[in-house]
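Visitor: Have a look at this one before I ask anything.
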Amino acid sequence: MVNNSNEIHPKLKMAVNSVHWFRKGLRLHDNPALQEALNGAHTVRCVYVLDPWFAGAANVGINRWRFLLEALEDLDKSLKKLNSRLFVVRGQPTDVFPRLFKEWKVTRLTFECDPEPYGKERDGAIIKLAQEFGVETIVRNSHTLYNLDRIIEMNNNNPPLTFKRFQTIVSRLELPRRPLLPVTQQQMDKCCTKIADNHDQLYSIPSLEELGFRTEGLPPAVWRGGESEALERLNKHLDKKVWVANFEHSRVNTCSLYASPTGLSPYLRFGCLSCRVLYYNLRELYMKLRKRCSPPLSLFGQLLWREFFYTAATNNPNFDRMEGNPICVQIPWDQNPEALAKWAEGRTGFPWIDAIMTQLRQEGWIHHLARHAVACFLTRGDLWISWESGMRVFEELLLDADWSVNAGSWMWLSCSAFFQQFFHCYCPVGFGRRTDPSGDYIRRYIPILKDYPNRYIYEPWNAPDSVQKAANCVVGVDYPKPMINHAEGSRLNIERMKQVYQQLSHYRGLSKFCGLMEQRLNSLACMSILLKNRCAKLVASSSKIIETVIGAKGTKFFHFDIRL
């Protein structure tokens, strides 16, 4: 996307003074907008606009802010090596740029295209402002693989709302543009931008304390922000050739639950790593290994899901809410602030759920199937609380929380859009036990339960009093009792979802689908009766067996998380 409609005064054509505006895309590699800023410029200043008021008011937790500040510090360090610096300017863009345009005699403003509705509105205002000052604006796409407007245009000017349709359209497009090389010393030397002696006083990167955060007792970052870290992780990741070539997104084991030194999702979200660099590195690796990559489970497929959600959201400013969102099923969720707080703070009484939410709050990341488990528990699985509430908690705590992908994933997992197989339900006991039979994950994040035997660590309320006392953790005293009866709650919620979908006659083939779903539920009920008649001992566990059967087949859920 390029806006060259504003005329430049003839006297200014000889001296091009560029400003490159960093937002996402916090990197020097594959940065087409930055390259445009350097092209024929006399001076180039790299700017990041930080609104201090927004820092205190926004729903963003300390781990996300720390990651951002580290990414800015890394960017400034890289620019220093090129005899330049990062100018961090406090204020709102509409207030900041008029002052900078005058002070620096700016003739050209460049930035990366932001495909999300809020970003497009903000950028439109800045482009208009630049025109008033006679400043040329150049905008380039590099946060997504494809031009999203082109995808929508090829789908009769509507975003494709099924992944299959999206794949069909993308298959007709040319391959994504190849990534550009990093900015070089030679390029920067052509731009004689003087760095003032008081630069650090005027344009320094703030600390967490300056932004109003308390850092006493803050543990070291599990994920360090910045382009340098991102590229190092990418190299380590690509070294795991066998793993990459045989990637299956739904496979998970105990080790998968912990943060990986080769994980990349936060770096893609902040643009510390170019998605095109990742795409072409993976493509070359697949070609070397002669491995066919077939979405959605291959790593290519995961990148396409990211593009899919971006495309669905780009022209929908209400994508992150139910109201006014044309693709969202209007489900009558309950309002329960107390239950929401217990879920968000890891106090549900289900160790698997509580361990996941504790890891999220401490580290800013959880495995994609762990996301599935806690999202299902909050919404249609157990608590029947709106996906909007869960999305906001993830937005605060999750490093890789991306507006489009986060909202799209929550709608997906709550069966509010994109996915309607609501009879698939994650069991908060059985699913965790299958993933980590030893319970070591629970012991790490819920240390009060560390002395429980494996048999009871996922359901400590079933442990005899003697076992609870021996473990120095009595349920209801030292650790909360389960906040809900999962077997009863999930069955009730499945019935609720069935009723909601039966009322939506515009869903193609829905009545047949609901009929099949009802047959399946009846079969499960019959299974429970047979178990009851066979042996009284199995009565208590029959519901768990049923839930395990349902949960075991629930691995088709998707949440974008490049675990690369």
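The backbone N, Cα and C atoms fix where each Cβ goes, glycine too.
Automatic prediction, not curation, is the source of TrEMBL annotations.
Residues or ranges marked as domain 'Photolyase/cryptochrome alpha/beta' in TrEMBL: 16-145. TrEMBL lists GLN302, LEU303, LEU304, TRP305, ARG306, GLU307, PHE308, PHE309, ASP400, ALA401, ASP402 with the feature FAD binding site. Taken from TrEMBL, the feature site 'Electron transfer via tryptophanyl radical' covers TRP333, TRP387, TRP410.
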Visitor: Which one is it, among the recorded sites TRP333, TRP387, TRP410, that lies nearest to PHE308 (FAD binding site) by Cα separation?
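Guide: Comparing Cα positions, the candidate nearest PHE308 (FAD binding site) turns out to be TRP410.
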Visitor: Could you find out if DSSP has TRP387 (site 'Electron transfer via tryptophanyl radical') as helix, strand or coil?
Guide: helix
Visitor: Going by DSSP, is ASP400 (FAD binding site) sitting in a helix, a strand, or coil?
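Guide: Looking at the DSSP assignment, ASP400 (FAD binding site) belongs to neither helix nor strand, so coil.
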Visitor: For TRP410 (site 'Electron transfer via tryptophanyl radical') and ARG306 (FAD binding site), determine the Cα separation and express it in whole Å.
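Guide: TRP410 (site 'Electron transfer via tryptophanyl radical') to ARG306 (FAD binding site), Cα-Cα distance: 14 Å.
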Visitor: Whole-number answer please: how many Å between the C-alpha atoms of ARG306 (FAD binding site) and TRP387 (site 'Electron transfer via tryptophanyl radical')?
Guide: 19
Visitor: What is the interatomic distance between the Cα atoms of GLN302 (FAD binding site) and TRP333 (site 'Electron transfer via tryptophanyl radical'), given in whole Å?
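Guide: Their Cα atoms are separated by 30 Å.
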Visitor: To the nearest Å, how far is the Cα of TRP387 (site 'Electron transfer via tryptophanyl radical') from the Cα of ASP402 (FAD binding site)?
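Guide: So the Cα of ASP402 (FAD binding site) lies 15 Å away from that of TRP387 (site 'Electron transfer via tryptophanyl radical').
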Visitor: Work through the recorded positions one by one (PHE308, TRP333, TRP387, TRP410) and point out the residue whose CB has the fewest other CB atoms within 10 angstroms.
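Guide: Lowest Cβ count within 10 Å among the recorded positions (PHE308, TRP333, TRP387, TRP410) is TRP333.
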Visitor: For ASP400 (FAD binding site) and TRP333 (site 'Electron transfer via tryptophanyl radical'), what Cα-Cα distance in Å is obtained after rounding to a whole number?
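Guide: ASP400 (FAD binding site) to TRP333 (site 'Electron transfer via tryptophanyl radical'), Cα-Cα distance: 26 Å.
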Visitor: Taking just the CA atoms, what is the gap between LEU304 (FAD binding site) and TRP333 (site 'Electron transfer via tryptophanyl radical') in Å?
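Guide: Checking the Cα atoms of LEU304 (FAD binding site) and TRP333 (site 'Electron transfer via tryptophanyl radical') gives a distance of 30 Å.
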Visitor: On average, what pLDDT score does this prediction assign to the domain 'Photolyase/cryptochrome alpha/beta' (16-145)?
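Guide: Taking every residue of the domain 'Photolyase/cryptochrome alpha/beta' (16-145) together, the mean pLDDT is 95.
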Visitor: Need the DSSP three-state call for TRP333 (site 'Electron transfer via tryptophanyl radical') to compare against my parser.
Guide: coil
Visitor: Can you tell me how spread out the FAD site is, meaning the largest CA to CA distance among GLN302, LEU303, LEU304, TRP305, ARG306, GLU307, PHE308, PHE309, ASP400, ALA401, ASP402, in Å?
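Guide: The widest Cα-Cα gap among those binding residues is 17 Å.
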Visitor: Could you tell me the C-alpha distance between ASP402 (FAD binding site) and TRP333 (site 'Electron transfer via tryptophanyl radical') in angstrom, no decimals?
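Guide: Given the Cα positions, ASP402 (FAD binding site) is 24 Å from TRP333 (site 'Electron transfer via tryptophanyl radical').
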Visitor: Going by DSSP assignments with H, G and I as helix and E and B as strand, what are the residue counts for the domain 'Photolyase/cryptochrome alpha/beta' (16-145)?
Guide: 60 helix, 29 strand, 41 coil
